[in-house]
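To start, the structure under review is shown below, and the notes come after it.
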Amino acid sequence: MDSPSTTASGWIDEHHQGVRYGLQGRVLVDEKSPYQRITVIDSSRYGKGLLLDGCWMTAEHQERHYHESLVHPALCSAAQLERVLVIGGGDGGTARECLRYQDVKHLDMVEIDGRVVELSQKHLPSIGGHAWSDARLQLNLEDGIAWTANATDSSYDVILVDGSDPTGPAEGLFNEAFFKQCRRILRPGGVFATQSESPEAFRQIHIDTVRLIRQVFGYADPLYGWVPMYPSGWWSWTFAAVDGPRYRNPLPARAAAISSGCEIWSPRWQQGAFEAIPAFIERELT
């Protein structure tokens, strides 16, 4: 959809396949960038939030459900953390969680839409937090697909894809050619991760994405959690590696250093989230 609907009673809704997902609030910004429609809202429940092309992306009071789930299984398990690549993530939340690790020496954030970054910094500053002023962060306002294609072999220890749904500028982040480039530029012992849609609202996209990543990397597994403002509230992230499912085993020292500052993630939560694969999806992937 192109823009959220706003009712007379102040509800801002996302519509998906005959179901409405809404928050009560008011629109602060609604504009069109060269890539997508960007809407910033102020809701009574989740604080300020961001929508792209009418689809909920993040909000101040529930963003940790998404960002911690994407980041920590990868960064707690990769062999090294010196160089990290984040594709998308213009709200800054993924970069913020990555930069909590002192072993990260350089983080490339590649975001195609600079207006998302500007509006997030202005209206949602708590999500990016100190990441925007961290000297280790290099913000690149470029196409993430082209960035991976042009990167040198084995140049990143962790690659995180924090993109929107597979339409518009994010469509190319879900195909085989892109995943192969990510594998090429991943260092030995590295971990790749991407958001992989809802197993309920986007069932076939989710299954196809996990299957394709597994074919490209050799090892890949979905992790399941919840993001209350997303379609169905049930979401997934898929993790991959070429040398075994290392993403399932957080390194104790890293986990101990990071978990006390987390709202959602812990080694115990992660174990359950990987094991929570529905039977019908497990059959499809076998």
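Just so it is clear, glycine is given a Cβ too, placed from its N, Cα and C backbone atoms.
Together with Gln36, Glu111, Asp143, Gly144, Swiss-Prot lists one candidate of Pro73, Pro166, Pro169 for binding S-methyl-5'-thioadenosine, that being Pro169.
DSSP assigns Glu111 (S-methyl-5'-thioadenosine binding site) to coil, not to a helix or a strand. Among the recorded positions listed (Gln36, Gly144, Asp162, Pro169), Asp162 has its Cα nearest to the Cα of Asp91 (spermidine binding site). Neighbour counts of Cβ atoms within 10 Å were compared across the binding-site residues Gly144, Pro169; the minimum falls on Pro169. In this structure, Asp143 is the one among the recorded positions Asp91, Glu111, Asp143, Asp162 with the smallest number of other Cβ atoms inside 10 Å of its Cβ. Take the CB of His67 (spermidine binding site) and look out to 10 A: across all protein chains shown you find 27 other CB atoms.
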